[in-house]
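Per TrEMBL, these features apply:
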- 108-131: transmembrane segment (TRANSMEM)
- 152-171: transmembrane segment (TRANSMEM)
- 191-215: transmembrane segment (TRANSMEM)
- 227-246: transmembrane segment (TRANSMEM)
- 336-357: transmembrane segment (TRANSMEM)
- 377-394: transmembrane segment (TRANSMEM)
- 414-434: transmembrane segment (TRANSMEM)
- 455-476: transmembrane segment (TRANSMEM)
- 496-521: transmembrane segment (TRANSMEM)
- 542-566: transmembrane segment (TRANSMEM)
- 579-604: region 'Disordered' (REGION)
Amino acid sequence: MEVMEEKGPANGNQDYTQDGTVDLKGRPVLRTKTGKWKACSFIVAYEVFERMAFYGIQSNLVMYLTKKLHEGTVKSSNNVSNWVGSVWMMPLAGAYIADAWLGRYRTFIIASCIYVMGMCLLTLAVSLPALRPPPCHEGQNCPQASSLQYDIFFLALYIIAIGTGGTKPNISTMGADQFDEFEPKERTHKLSFFNWWFFSIFFGTLFANTFLVYIQDHAGWTIGYGLPTIGLAVSVLVFVVGTPFYRHKLPSGSPITRMLQVYIAAMRKWKLRVPDDPKELHELSNEEYASSWRNRIDRSSSLSFLDKAAIKSGPTSLWMLCTVTQVEETKQMTKLIPIMLTTIIPSTLIVQASTLFIKQGTTLDRRMGPHFHIPPASLNAFVTIAMLITVVVYDRAFVPAIRHYTKNPRGITMLQRLGIGLVLHVIIMVIACFTERKRLKVVRENNLFRAQDTIPLTIFILLPQYALGGVADNFVEVAKMELFYDQAPYGMKSLATSYFTTTLGIGSFLGSFLLSTVANITKRNGHKGWILDNINVSRLDYYYAFMAVLSFLNLLCFFIVAKYFVYNVDVTQTKSGLEMNPASSQPQDNTGINQSTPQSDGKS
């Protein structure tokens, strides 16, 4: 189990935080003057404005690519997916820089400046006539964008991706760092943090998917992209204002390097036998860990092959000999990888809402009253609204009610929450399949096969799949973020947060790959294909059915992985005076049933 000593200044003043947090100058911080919701209010406010800026770009990006840069369905969808994938993969680099060198705050500030630069360049790219193709009405033979116009536009997008790489893994982790897990009240508040974190994300997203999308469609792209740029600059200023109240955790070296050292050392000693007595393995004293604000972790029985890295034999370099604690940290991060892999498929489905779902909306009757037409990208607002409602109901009603029966402070386990979301994703794709079959039936009945034809079917027929997507996000995305942060060791929180963004990135790239592959394969042997530039003659219903089957198979894989996953033993409660019954402290799997052999997860 993890040995965690209460830490504070030498004078024993318990008004200082006990989790090793400091101010920007590395000095211990007072609990009463820093952190908690006071500090988080600035961080949450930043996230509202930043998500407004980001989704102000992403939500309608496929429309800009098709209407202004004149790209086809597959190319525009893939360009969006590849950019979104890059946005979500870059946090791996941001987490590495923060954990190894600069710390979360400084990494965030530098990345924010890059982010703002990218937004400014993007606004110029859609505003200056020389940087965009000439106007062209739908149905005409529109000229393609020049190489310069393409290069500037996508350069701006990928500068934004670099900027988000330094902000995303650090801002949410900083928010969670504002709560001292050794103080019972702060610990309780931390359990709700990720719920309200995602509430702020979707509040900003709602503004982007309604107001900004409408502005882009009716007032032009200059204003539509200029407002998010201003919003992002405001968000950074809001964050900086809260600097005196933040708690910081010191960089503890690169977690990726420490993990690689364990893997390599274990492989180099693969012929050696691990001693039965853990005391024969290499480890530092409690005092050495306490002096560096770190926690010692005792040897576990899981992933025992990695224990070879701590065998005292041969050279003592960092790549040949690791401490037991370093090995256990690596085990904790390694066992999260199977869970991470099972959340990639849901991430591919999220991309559909930003590409194919919107393309469907362009063909439907978008009238809402005699004078107002709903922008297709505004349907994403229903994802947001459903998410906002679900977060509040979940946190304020469901959790208190179910907690009475489960005795779990979270109501249900994190894996149970994740599993519910994965089931919902299967249902979403089934609904999307039948909705598209209905749309194509109306197309055939009315002989409306041209791309510019408006089908006499209300756009609100897409509402169920969008709204259910918001409900699913409350379960999958929140549980995913909370699980990775909660189960990661102290010095690897940013890397664990980047696990979350990595699933979104890989999912986006996988979505692009699947779309291109299915489009190409279904065109073979003289067939017209499932996915064409004109979706009125495509078979998106077949593609959605394929994604539903893929989601179901992924769900089965998740059940298998969850069955063998065991949570880390939570010792912060016992160390802060909240004694646990030994029987009730057994780790639980996704079903909520105690494991018969708690040692299987490496904790005792």
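Glycine residues also receive a Cβ, built from the backbone N, Cα and C atoms like all the rest.
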Contact ranking winner - 108-131, 152-171, 377-394 against the transmembrane segment (455-476), Cβ under 8 Å: 377-394
Cβ contacts under 8 Å made by the transmembrane segment (191-215) with residues that lie 6+ beyond its boundaries: 40, 44-45, 47-56, 59-60, 172, 175-176, 179, 223-224, 227-228, 375, 377-381, 383-385, 387-388, 391-392, 394-395, 409-410, 470, 473-474, 477-478, 481-482, 485
Folded-back contacts onto the transmembrane segment (336-357), same chain, C-beta under 8 angstroms, at least six residues removed: 58-59, 61-62, 76-77, 80-81, 84, 88, 379-380, 383, 415, 418, 421-422, 425, 428-429, 432, 462, 465-466, 469, 472-473, 476, 480, 483-484, 487-488, 496, 499, 502-508, 510-512, 514, 535, 540, 543, 547, 550-551, 554, 557-558, 561-562, 565
Contact set, same chain, for the transmembrane segment (414-434): CB under 8 Å, 6 or more residues outside the stretch: 339, 342-343, 345-346, 349, 352, 357, 464-465, 468-469, 471-480, 482-483, 486, 541, 544-545, 547-548, 551-552, 554-555, 558-559, 562, 565, 589-592
Long-range neighbours of the transmembrane segment (496-521), counting only residues six or more past its ends (CB under 8 A): 74, 77-78, 81-82, 84-92, 94-95, 168-170, 172-173, 333, 336-337, 340, 343-352, 477, 480-481, 484-485, 487-488, 529-532, 543, 546-547
